[in-house]
Amino acid sequence: MANVVVIGAQWGDEGKGKVVDIYTEFADNVVRYQGGNNAGHTLVVGDEKVILHLIPSGILHEGKRCIIGNGVVLDPEVFIMEITKLKANGYLKDDSMLRLSESLHIIMPYHKRIDIAREAKSGAKKIGTTGRGIGPAYEDKIGRRGIRLMDLLDEKSFSRKVKEILDEKNLILTQFLNDKPFTFEEIYEEYMGYAETLRKYAADTSLLLHKEIRAGKSLLFEGAQGTLLDVDHGSYPYVTSSSTCSGGACTGSGVSPREIHEVIGIAKAYATRVGSGPFPTELEDETGEALRQAGREFGSTTGRPRRCGWYDALVARYAVRVNGLSGIAITKLDVLSGLETVKVCTGYSYNGQVLDEVPASLEVIEQCRPIYQEFPGWTEDITGAKSLAELPENAQNYIKRIEELSGAPVVLVSVGPRRSETIVLRNPFEA
Ligand code: GDP
Ligand code: IMO
Ligand code: MG
């Protein structure tokens, strides 16, 4: 029995959905604890591809409880759409296997409109958000004026809180962002419609998880986004608005750090980023395009082309440090097959100096140039490899070097999107 946190070790889209799907077999509960439907986690089951934005990836396994914790911001419309689709496809037969924290914050219509209008107004300085209202919803949470699920389920409290805040939101929308205002009635009608569906899932999920732990059940925490998108530890302000690092698993679920046994960071064998912000190893050439095509690097949430580049060992080491990674899962190694040379960034050149840590300052990181170590590539199709020994020697050496440079043991290597295309070296649940 172990409680395991899975987080993104880069800029998101590392393949967390696939790894969580693999690990779910060994867990009793799968918990989302931060972010919202800005996430897009892809799972491939047989020939079926499922993209989950909000519901934990454990939902495709019968008998596993899925929890959306207090740290998540939830768009009720998206939640209902997602469960409706899952049910239509034969999943979520038992509603008691999905639970929402009554303390989680609700994404309101004005959050989405403000997110999109603010980005439009920012022009070249925009963050490149997913436009899902995530930032504005967390602003209200931290500003102590958010609307929680428990408020939505209490008609009086909901009406009062919406009335209290709507004048301010409409002022911002109309006077500052040049957009349309909302009426109380339209919000009330829409959201009261959602309340009835959400009610049956609401629970004190911290207590529920506590009881599961006491009963000897295991928890799998499914992180969204990635380390460099963390509001504290990422490339601020080009980040999302939540704590994507492992610490967020505790604050976002109400489970103590003393209950966490393993933290696994997911990293692609190269790197991608969607949206704006520094990306020292970015390739804006034909190699970048080749990675984009081979890795099908187009956003699962917005469909935007992902920026592509080489594996950055400084970023990996940073992720090991701020998350306390006990293991790294390397994904998409197959995407590198066919490249003559593969590169890994081992340092940054800045102002005549060599940096070996990711600098905190945006101005500094924007001026950093990557220093690379080059490796000979391999041409074989590796998607059928079941052990490291079955990989071409050059691919084995590449993994070994990544492991040395990153500073945490590689516990899993993914060589294709399917469940079967996975080399498991150590199972964190059997620690
Ligand atoms: P997440 O947000 O971290 O869950 O990642 P996404 O689902 O947004 O993006 C990862 C993409 O890579 C998805 O389309 C996965 O199906 C795919 N994928 C995951 N692992 C592998 C792998 O080892 N090889 C290949 N080719 N694709 C993979
Ligand atoms: P998963 O869980 C990659 C990025 C956006 C933008 C920034 C802020 O699938 O890895 P937001 O809408 O959160 O305010 O946008 O964060 N971003 C992601 N990038 N994967 C994600 O999720 C992301 N969620 C947000 O592109 O740069
Ligand atoms: Mg994704």
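Here the Cβ of each residue, glycine as well, is placed from N, Cα and C on the backbone.
Binding of IMP is attributed by TrEMBL to D13, E14, G15, K16, N38, A39, G40, H41, T130, R144, T240, R304, and the same site annotation extends, among Q175, Q225, to Q225. Checked against ligand 1, the binding-site residues K18, S300, T301, R306 give K18, S300 as the ones with a Cβ under 6 Å from it, listed in sequence order. Residues within less than 8 Å, Cβ to Cβ, of K141 (active site) and separated from it by at least 6 positions along the same chain comprise V73, H105. Closeness to ligand 3 is met by S300, these being the recorded positions among K141, S300, T302, R304 whose Cβ falls under 6 Å from the molecule. Spatial neighbours are here defined as Cα atoms within 10 angstroms of one another, and by that definition the neighbours of T130 (IMP binding site) among the binding-site residues T42, T301, T302 are T301, T302.
Recorded residues R306 (substrate binding site) and K18 (GTP binding site) have their alpha carbons 18 Å apart, per Cα-Cα distance.
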